[in-house]
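> Okay, so TrEMBL annotates it like this:
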- 12, 158, 159, 160, 161, 162, 163, 188, 208, 209: sn-glycerol 1-phosphate binding site (BINDING)
- 14, 40: Mg(2+) binding site (BINDING)
Ligand code: 1GP
């Protein structure tokens with residue numbers, strides 16, 4: 001069985017974006033640790049099922065990052081559930097999760113479920129507005145990370161800069177306060193150098209947009225991370 005705790009590199013595919021079979025094959029066979037299916041806008045069950053079926057042809061583990069109740073489906077290896085720690089609206093912290101468990105609690109395999117303590121740090125990201133976030137300062141982020149590890153015992157703390165390259169010094173400082181909780185970093189990684197730099201601090205980096213903008217650079221981020229060991 002796959003061990004999420006050892007993952008270092010993950011590609012995130014948006015079910016609302018087109019990807020060719022050739023590019024998908026390259027991503028799945030790249031040596032990445034997993035493929036996450038997830039997005040913010042117009043995530044539909046059809047889009048999720050289409051990607052699930054296409055990624056399933058390969059051996060790479062595939063994860064559904066749940067963005068809405070309508071697009072949840074069986075068949076994934078894991079389900080990642082975002083809990084947006086810096087949202088102003090309790091809905092994104094626990095109410096959607098509560099509804100999902102009300103609906104699917106009887107059939108859930110709890111071993112497949114991982115809660116991600118999300119901290120969304122790019123004010124211009126769609127997810128930031130969508131989840132009604134406030135922008136935390138340095139000390140706020142450190143405190144969210146500590147809450148994730150010591151209060152909520154979350155397996156993952158996710159620094160989400162979606163669309164922009166984040167603050168390396170902050171990622172480094174967050175890593176210092178995490179021990180059991182894995183630090184995921186995502187946002188604006190477009191080159192092997194950026195991948196390497198963020199991976200120097202984060203346990204796992206998530207590569208998204210560049211897949212659609214420059215597949216060659218996207219693929220190079222895998223080797224950059226794996227060679228760093
Ligand atoms: C998005 O963190 C991921 O949820 C990756 O971000 O799309 O900017 O690479 P990018």
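Each Cβ is built from the backbone N, Cα and C atoms, and glycine gets one as well.
Keep in mind the model is a prediction, meaning the values are calculated, not measured.
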> For residue 163 (sn-glycerol 1-phosphate binding site) and residue 14 (Mg(2+) binding site), what Cα-Cα distance in Å is obtained after rounding to a whole number?
13
> Among the binding-site residues 12, 14, 161, which residue has the fewest other Cβ atoms within 10 Å of its own Cβ?
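If we count Cβ atoms within 10 Å for the binding-site residues 12, 14, 161, the smallest count is at 12.
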> Could you say whether, by DSSP, residue 163 (sn-glycerol 1-phosphate binding site) belongs to a helix, a strand or a coil region?
coil
> Going by DSSP, give the three-state secondary structure for residue 40 (Mg(2+) binding site).
coil
> Write down the Cα-Cα distance for residue 14 (Mg(2+) binding site) and residue 159 (sn-glycerol 1-phosphate binding site), rounded and given in Å.
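That separation, Cα to Cα, works out to 18 Å.
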> Could you tell me which of these binding-site residues, 163, 208, has the greatest number of Cβ atoms within 10 Å of its own Cβ?
208
> Report the largest Cα to Cα distance, in Å and rounded to a whole number, among the residues 12, 158, 159, 160, 161, 162, 163, 188, 208, 209 that the record lists as binding sn-glycerol 1-phosphate.
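Farthest Cα pair among residues binding sn-glycerol 1-phosphate: 17 Å.
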> Around residue 40 (Mg(2+) binding site), which residues of its chain at least 6 apart sit with Cβ under 8 Å of its Cβ?
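Non-local contacts for residue 40 (Mg(2+) binding site): 67, 126, 127, 130.
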